[in-house]
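Colleague: These came from TrEMBL, pasted as-is:
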type	residues	note
TRANSMEM	21-41	transmembrane segment
TRANSMEM	141-162	transmembrane segment
TRANSMEM	169-186	transmembrane segment
TRANSMEM	192-210	transmembrane segment
TRANSMEM	217-234	transmembrane segment
TRANSMEM	240-256	transmembrane segment
TRANSMEM	263-282	transmembrane segment
TRANSMEM	334-353	transmembrane segment
TRANSMEM	360-378	transmembrane segment
TRANSMEM	393-409	transmembrane segment
TRANSMEM	421-440	transmembrane segment
TRANSMEM	470-489	transmembrane segment
Amino acid sequence: MHIAASLMGRFTMARRIPAKLIATAFVPIMLFVALVSWALASPIGASPDEDYHLASIWCGGGIKEGLCEAGKSAESRRVPAILLDSSRCFAFKPEQSASCPQQPSNVLVNTVRGNFDGGYPPLFYATMSVFASDNVSASIVMMRVFNAFLFVSVTTALFLLLPRSRRGPLLWGAAVTLVPLGMFLIPSVNPSSWSVISAVTLWISLVAFFREGDGQRKTAFGVIAFLMTLVGAGSRGDSAVYSVLAMVVALVLTFTRSRRYAVHALLPVALAAICVFFFFIAGQSSVVNPDAFSGASEGSLSTLIQTNLAMLPQLWAGALGYAGLGWLDTGLPGIVWVSVLVVFAAFLFWGLQKLEPRKAVALSIVFTSVVVVPMYILVHDKVLVGAGVQPRYIYPLIIMLAGIALIQLQRDDLLLSRAQLGISAVMLTIANADALHVNIRRYVTGTDVVGANLSTAVEWWWNIPVSPTWVWLLGSAAFGAALLGAVAYSTSQRNDRVKDDVWNTLPTLSGRSALLP
């Protein structure tokens with residue numbers, strides 16, 4: 001029996017080593033490759049309002065000769081013309097490729113379109129400005145790759161720090177919400193990139209911080225929470241609000257009546273103060289106006305509210321692919337957004353099978369925000385869904401909703417079957433592959449050209465030795481491989497837990513010792 005027990009121990013260790021390698025090396029590398037493929041899938045100016053954000057980035061480090069020079073007024077700057085003109089010929093024209101005539105990067109033009117009056121928090125632009133140079137294309141690709149690396153690095157660090165039984169919400173909460181909007185936004189130069197990264201990581205790092213006992217691991221969770229607060233609040237004013245919401249959720253999920261907890265709660269209080277600071281230095285805070293409804297009559301106001309409530313699910317679906325990509329001019333076929341919606345709904349409803357009071361309160365807070373935040377802005381601006389609020393504005397809330405739904409306050413590994421996880425992975429892989437293909441096609445030739453081969457009749461592409469088709473194939477395969485690795489890890493985790501449960505059903509320690517020689 002002693003020999004059998006020893007062999008069983010070695011066999012278990014042999015199974016765990018590949019699972020650990022898959023989780024810590026294979027999946028992150030494949031995810032990074034997939035995100036880099038998305039970074040290359042669109043030209044300069046492809047993300048929403050990128051002309052504004054590029055000018056803000058080039059001036060994010062202050063006045064620099066040849067990059068950002070003083071303009072004709074205090075509210076203007078002179079920046080490379082290519083930053084402003086890059087999207088003008090193809091934005092809102094899906095049949096037009098990105099082969100737009102561009103001026104040399106040393107030609108500067110005056111513009112007031114940028115973060116020169118503090119409309120956005122400055123941290124995102126200041127960080128991205130480190131990569132700004134006179135080689136605009138190379139600079140933008142480096143910025144996109146950096147944001148992809150930031151996301152993969154932080155999520156991998158969190159994954160390694162979390163106990164095995166508490167990794168499910170991070171792993172699958174991100175997986176079911178990243179396609180297609182997250183895959184497009186994370187490796188971009190849009191501040192929403194950091195909003196997404198913060199939404200995935202901040203709330204769960206704070207939950208882990210409160211659950212962890214004193215020690216280096218707790219300190220690491222606290223450091224990650226601090227950094228992700230800066231990332232979120234330092235990118236957009238609304239993301240600062242979402243960061244505070246993540247802190248409230250963490251407090252709800254972990255609250256205990258003890259002096260120790262009160263001391264540790266000083267961390268989210270300090271982080272909330274950081275968010276308040278960034279929110280009020282950003283011009284976006286001006287939307288919070290106590291006289292928001294004063295200009296609307298009672299009848300028109302009630303009609304506006306009723307109509308927007310009926311259309312609100314379209315906004316939620318838009319965050320999962322229904323609204324398209326880019327300047328909302330890259331429509332995606334049903335196989336993308338229907339697949340993502342089905343998987344998202346399946347995981348959300350699975351999570352509801354265990355609905356402890358704390359989890360119910362946390363979910364209610366986030367879901368209420370998913371309704372109230374867009375409704376407030378829509379009614380404040382007197383517009384309908386599709387005109388005033390873009391899906392990416394509420395996308396961080398959708399991400400948090402998925403992750404919190406999957407959390408179990410005792411043990412929150414998912415325990416889904418291999419078939420369930422496998423089918424979900426296949427659907428997400430297909431959705432990502434099709435979305436990536438559509439996005440590349442839209443810019444390489446325009447949507448007036450069809451066909452699986454993206455490398456024929458090319459009108460625009462980067463000056464790199466890898467063709468559009470190969471970028472699509474590598475990116476699609478890498479994302480599928482990352483999901484395959486996630487399934488392999490999750491099922492190996494499930495098998496380990498089943499074996500632990502079997503062992504726990506054996507006689508007590510004295511009885512177990514009788515089984516050994």
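For all residues, glycine too, the Cβ spot is worked out from N, Cα and C.
Predicted automatically and left uncurated, TrEMBL annotations should be read as such.
For each feature listed, report its degree of burial, its nearest neighbours and the pertinent distances within the displayed model.
Modeller: If you look at the transmembrane segment (21-41), the same-chain residues 6 or more away from its ends with a CB under 8 A from one of its CBs are 141, 144-145, 148-149, 151-152, 155-156, 159-160, 183-184, 186-188, 432, 436, 439-440, 443, 462, 464, 466, 471-472, 474-476, 478-479, 481-482, 485-486, 488-489.
Counting residues 6+ beyond its ends, the transmembrane segment (169-186) has Cβ neighbours under 8 Å at 34-35, 38, 42, 47, 147-148, 151, 155, 158-159, 162, 192-193, 196-197, 200-201, 204, 319-321, 325-326, 332, 336-337, 340, 343-344, 347, 391-392, 395, 398-399, 402-407, 412, 414, 424-425, 428, 431-432, 435-436, 439, 479, 483, 486, 489-490 in the same chain.
Note on the transmembrane segment (192-210): residues 47, 124, 147, 150-151, 154-155, 158, 161-162, 166, 169-170, 173-174, 182, 185-186, 218, 221-222, 224-225, 228-229, 231-236, 238-239, 242-243, 246-247, 249-251, 253-254, 261, 264, 267-268, 392, 395-397, 399-400, 403-404, 407 of its chain, located 6 or more positions outside it, place their CB under 8 angstroms from a CB of the stretch.
Within its own chain, the transmembrane segment (217-234) is flanked in space by residues 121-124, 127, 150, 154, 157-158, 161, 194-195, 197-199, 201-202, 205-206, 208-209, 240, 242-243, 246, 267-268, 271, 274-275, 277-279, 396, which lie at least six positions past its ends and keep a Cβ under 8 Å from the stretch.
Within the chain, the transmembrane segment (334-353) has long-range Cβ neighbours (under 8 A, six or more residues past its boundaries) at 172-173, 176-177, 179-180, 317, 320-322, 401-402, 404-407, 414, 416, 424, 427-428, 430-431, 434-435, 438.
Residues 34, 37-38, 41-42, 175-176, 179-180, 183-184, 321, 325-326, 330-333, 335-337, 339-340, 342-343, 346-347, 414, 452, 454, 468, 471-472, 475-476, 479-480, 483-484, 486-487, 490-491 of the same chain lie 6 or more positions beyond the ends of the transmembrane segment (421-440) yet place their CB under 8 Å from a CB of it.
Here the transmembrane segment (470-489) has long-range neighbours at 19, 22-23, 26-27, 30-31, 33-34, 36-38, 40-41, 171-172, 175, 183, 418, 421-422, 425, 428-429, 432-433, 436-437, 440, 454-455, meaning same-chain residues at least 6 beyond its ends whose C-beta is under 8 angstroms from one of its own.
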Colleague: Who are the long-range neighbours of the transmembrane segment (263-282) in its own chain, taking Cβ under 8 Å and residues 6 or more past its ends?
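Modeller: Same-chain contacts beyond the ends: 118-123, 206, 209-210, 222, 225-226, 229-230, 232-234, 236-237, 240-241, 243-244, 247, 250-251.
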